[in-house]
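Trainee: Just passing along the structure, written as structure tokens.
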Amino acid sequence: MGRVEVTNMTKTRVLSRALLQNLVAFVLGSEHRDIAGTLAITFIDEENMRDIKRRFFQEDTVGDVVSFFYGEDPDGVWGEILVCVPRALEQSRERGVPLAEELMFLVVHGLLHLLGYDDDTEERRRLMMERAEELLAAYRKEEVRRRLVEQALRAREFAYAPYSRFRVGAALLSRDGRIFTGCNVENASFGVTMCAERVALGRAVAEGAREFTAIAVVSDGESFCFPCGLCRQALAEFGLDIEVLAGARDGRFVVQRLRELLPSTFSFQGV
């Protein structure tokens with residue numbers, strides 16, 4: 001995809017270029033689209049937005065976001081999204097969400113316009129708003145996954161693996177948003193060795209966590225690292241809907257539900 005350039009013409013702290021680059025790339029990938037040239041994202045105040053609405057839309061109003069498509073020249077500006085920060089702040093308060101959340105929503109909304117979506121009727125507006133919400137929710141979920149993998153990669157650096165030289169890191173996400181990390185701890189008596197996943201699980205349980213939504217597992221290998229059978233059974237004690245992010249050393253990962261990895265879990269049926 002092309003480059004994203006960000007300009008902030010207000011005194012309010014807005015979104016970073018790195019975040020916006022990732023957000024734009026995610027939306028384009030989800031829409032199976034690409035862009036030529038540069039996408040300019042500019043954060044402006046009410047006065048500038050009113051001037052733009054007068055000049056280009058013949059409206060004496062202050063909108064929250066407008067978009068302009070400029071062309072497919074790979075050396076030029078492909079399109080521009082202008083976001084009114086004061087309006088975004090007002091709407092974020094009305095919706096009860098952080099300003100950053102509202103700004104991301106407006107950027108996605110503006111980008112969808114550039115990709116051909118329109119909101120000139122009530123039905124089209126509804127569909128466009130729903131798509132923007134879907135994309136933003138999916139992006140947030142993907143960012144949580146990436147953060148988990150990053151935490152697992154960091155935990156891997158502390159692994160104690162003098163015998164196998166095979167370091168593993170894990171990061172376990174509880175339903176309340178806490179992240180618990182673990183690394184493998186080997187022992188001269190091999191059977192005493194603890195896997196990274198169970199180290200993370202033990203830390204989580206010791207801190208009172210009982211419900212989990214995802215776990216990331218990474219190793220030093222080039223291939224994706226999946227939990228062993230013991231760890232799958234240990235995690236299954238707390239639910240089979242846990243997402244398992246099997247990561248590689250370069251940060252790539254694949255996602256599977258625990259129930260897919262352990263279809264016939266053992267459960268205690270005694271009284």
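Using N, Cα and C of the backbone, Cβ positions are placed for all residues, glycine too.
Annotation comment: TrEMBL describes His109, His113, Asp119, Cys195, Cys228, Cys231 as Zn(2+) binding site. The domain 'CMP/dCMP-type deaminase' feature in TrEMBL is assigned to 143-269. The active site, proton donor feature in TrEMBL is assigned to Glu197.
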Trainee: Would you kindly give the Cα-Cα distance separating His109 (Zn(2+) binding site) and Glu197 (active site, proton donor), rounded to the nearest Å?
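Mentor: So the alpha carbons of Glu197 (active site, proton donor) and His109 (Zn(2+) binding site) sit roughly 39 Å from each other.
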Trainee: Of His109, His113, which of the binding-site residues has the most Cβ neighbours inside 10 Å?
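Mentor: For the binding-site residues His109, His113, the Cβ with the most other Cβ atoms within 10 Å is His109.
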Trainee: Could you put numbers on the helix, strand and coil content of the domain 'CMP/dCMP-type deaminase' (143-269), residue by residue per DSSP?
Mentor: 40 helix, 33 strand, 54 coil
Trainee: Relative to the Cβ of Cys195 (Zn(2+) binding site), which residues of the same chain, six or more apart in sequence, are found under 8 Å away?
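Mentor: Listed in sequence order, they are Val168, Ala170, Asn184, Pro227, Cys228, Leu230, Cys231.
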Trainee: If I restrict to non-local contacts, at least six residues apart, and a C-beta distance under 8 angstroms, what lies near Asp119 (Zn(2+) binding site) in its own chain?
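Mentor: Correct list: His113, Arg125, Met128, Met129.
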Trainee: What does DSSP assign Asp119 (Zn(2+) binding site), in three states?
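Mentor: In the DSSP reduction, Asp119 (Zn(2+) binding site) maps to coil.
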Trainee: Mind checking which of Cys228, Cys231 has the fewest other CB atoms within 10 A of its CB? They're the binding-site residues.
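Mentor: Selected from the binding-site residues Cys228, Cys231 on minimum Cβ neighbours within 10 Å: Cys228.
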